[in-house]
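Here TrEMBL flags 83-217 as coiled coil. The compositional bias 'Polar residues' feature in TrEMBL is assigned to 241-256. If you look up TrEMBL, you'll see 10-193 marked as domain 'Autophagy-related protein 16'. For 234-267, the entry in TrEMBL reads region 'Disordered'. As annotated by TrEMBL, repeat 'WD' applies to 305-346, 349-390, 391-432, 527-558, 560-594.
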Amino acid sequence: MEQCVWRRHVSDQLKQRDRVQRQAFEELIHQYTRLLEKSDLQAVLSERYQADKYELQRGHEGGSDGSLQQEVSLMRIRHQEELTELHKKRGELAQNVIELNNQIQQKDKLIQSNEAKMLQYQQQISGLEGDCRDLRGLLQDLERANQTLKDEYDALQITFCALEEKLRKTSEDNQELVCRWMAEKSQEANKLNAENEKDTRRRQAKLQKELADAAKEPLPIDPDDDIEVLAEEAGKGGGETSPSRALSRTPSKKTSQPPPGGLLDSISSIFGRRAHPYSSSPEGSEAPSGVCAEVRVPTTAIHVFDAHDGEVNAVSFSPGSRLLATGGMDRKVKLWEVVSGRCEPKGSLTGSNAGITSIEFDSAGSFLLAASNDFASRLWTVEDSRLRHTLTGHSGKVLSARFLLDNTRIVSGSYDRTLKLWDLRSKVCMKTVFAGSSCNDIVCTEQCVMSGHFDKKVRFWDIRAESMVQELQLQGRVTSLDLNHDRTELLSCSRDDLLNIIDLRTVSVRHTLSAQGFKCGADWTRVTFSPDGCYVAGGSADGALYIWNVLTGKVERTLDRSHSSAINSVSWSPSGAYVVSVEKSSKAILWSDM
């Protein structure tokens with residue numbers, strides 16, 4: 001292969017030298033040839049002129065020498081002119097030769113530069129050919145991998161079809177079993193109702209018999225009791241009495257004997273004993289504290305701690321203010337117990353496959369709901385930290401999930417621009433509503449769901465009609481929503497660095513809160529009302545915590561120099577004693593006025 005290369009190189013060099021040298025002298029040789037031809041022509045003409053001269057001399061020997069000399073002079077002049085013309089042409093040809101030599105030199109330089117470029121281009125072509133070979137090899141590898149994946153996909157598709165068919169058959173069998181079970185339950189209920197009817201009729205007959213026996217028995221009268229017998233105004237005899245006479249008994253000094261137990265039991269069995277109402281919460285739940293007696297505006301960071309390995313997105317107090325939950329990008333929800341102004345670790349809730357975006361306790365503090373970036377919402381029991389439900393169905397990040405007031409349904413809002421209503425008893429999605437824009441936060445009342453969106457709107461949805469009833473346009477992308485304690489005012493935070501207090505009775509902005517230096521740091525920045533609704537707490541992008549007075553609309557207090565990055569979320573304890581803020585780094589801070 002190397003011999004072929006150098007041989008081809010030598011041949012190319014010889015051809016190039018032949019081409020350059022031949023082109024350089026070809027024109028010169030051509031001009032020189034023309035010059036020789038003209039010289040030969042001149043010699044021929046000279047010979048002819050000499051012959052003519054000789055003939056003229058012979059033909060005119062007897063003529064006058066003057067005319068002959070004159071003709072010779074004319075011929076000499078003419079020949080001299082032709083010779084002059086030939087010399088002139090020779091000079092021009094010499095000048096042309098010089099110019100052609102200069103052009104040849106320029107062409108040589110151009111050829112050399114072109115040869116250098118050609119060599120460079122050949123090197124580039126060689127490199128590109130190598131790259132092309134590598135790419136062909138990579139393409140073949142990718143084609144083989146693609147074929148393998150295609151085969152695996154076909155196998156998985158066949159498996160999926162088989163499993164789907166099995167699921168369909170299982171569902172049919174399950175439906176049949178449920179129908180049979182319902183039929184058996186109905187039969188058992190009918191039998192039980194028939195037995196209850198028989199038992200009720202027996203008790204009624206027994207009661208009637210006991211009442212008849214009791215009516216026949218004489219009523220014992222204690223002589224020590226004060227009894228006043230009122231005589232009838234119209235009677236047959238003064239000393240006679242009848243069962244229709246009214247008797248009035250005054251309180252006795254002695255305790256009368258209670259009626260027979262069997263009689264009371266029979267009466268109770270007909271009319272039923274009314275049990276005293278009671279409430280019992282699940283094991284591990286904490287009783288809600290209700291509206292706090294006094295809200296204390298925080299002044300000091302009493303505990304600074306690392307809550308997660310990475311960014312902390314969400315924080316929430318339990319209804320009794322005893323527990324604190326935080327959610328972060330490390331895919332965990334951590335529980336903290338607030339003891340003597342410190343947050344002590346209590347447990348960790350796992351199961352999420354991506355970062356946590358929002359968290360909320362139910363009204364009893366028994367369950368915790370969290371939304372995450374893996375398109376799902378999850379429900380844990382607080383007492384044993386067990387994952388109970390995973391609600392999947394969104395096609396984008398779930399940015400907020402909230403309990404409805406009955407704690408049996410959940411509303412979730414997602415980046416996929418939909419809201420979903422879930423039933424915890426059946427664990428299915430009851431309704432999906434297309435909102436038209438990414439939903440960043442949700443709050444709920446008895447019959448209404450309010451959602452804040454990326455398109456700068458707050459939307460109001462009727463749960464019963466499952467439709468939007470109204471929307472309110474704000475000036476920035478909505479990042480957070482919160483309700484005051486009596487659910488008459490809605491707090492919103494938006495990316496235009498403004499907090500709006502919305503009157504839910506008129507669905508209009510009543511107050512706008514702002515502060516010098518306050519800046520909303522993210523699309524999921526959360527702000528909160530105080531438990532009594534008199535204050536608002538929000539974190540800024542520079543790490544400062546701002547407290548506004550709702551009545552005056554002015555900043556009540558600014559707490560800074562504790563956070564090192566933007567504050568993502570703030571939560572005020574229902575007792576009013578603590579405020580917790582979390583930031584984009586791993587830090588969380590417990591604030592109070594102590």
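Using the three backbone atoms N, Cα and C, a Cβ is placed for every residue, glycine included.
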**Request:** Provide the three-state DSSP residue tally for the repeat 'WD' (391-432): helix first, then strand, then coil.
**Result:** 0 helix, 25 strand, 17 coil
**Fill in**
Its residues classified by DSSP, the repeat 'WD' (560-594) shows 0 helix, 17 strand, 18 coil
**Prompt:** In the same chain, who gets a Cβ under 8 Å from the repeat 'WD' (305-346) while lying at least 6 residues past its ends?
**Reply:** 286-289, 352-361, 363-365, 368, 370, 372, 380, 382, 385, 524, 526, 568-575, 577-578, 580-588, 590, 592, 594
**Message:** Per DSSP, what is the helix/strand/coil residue tally across the repeat 'WD' (527-558)?
**Reply:** 0 helix, 16 strand, 16 coil
**Request:** Six or more residues out from either end of the repeat 'WD' (527-558), which same-chain residues have a Cβ under 8 Å from its Cβ atoms?
**Result:** 291-292, 295, 297-299, 480, 482-486, 489, 491, 493, 499, 501, 511-513, 515, 517-521, 564-576, 579, 581, 583, 591
**Request:** Report the mean pLDDT of the predicted model across the repeat 'WD' (391-432), rounded to a whole number.
**Result:** 91
**Counts by DSSP class (helix H/G/I, strand E/B, coil) across the repeat 'WD' (349-390)** = 0 helix, 24 strand, 18 coil
**Request:** Could you put numbers on the helix, strand and coil content of the repeat 'WD' (305-346), residue by residue per DSSP?
**Result:** 0 helix, 26 strand, 16 coil
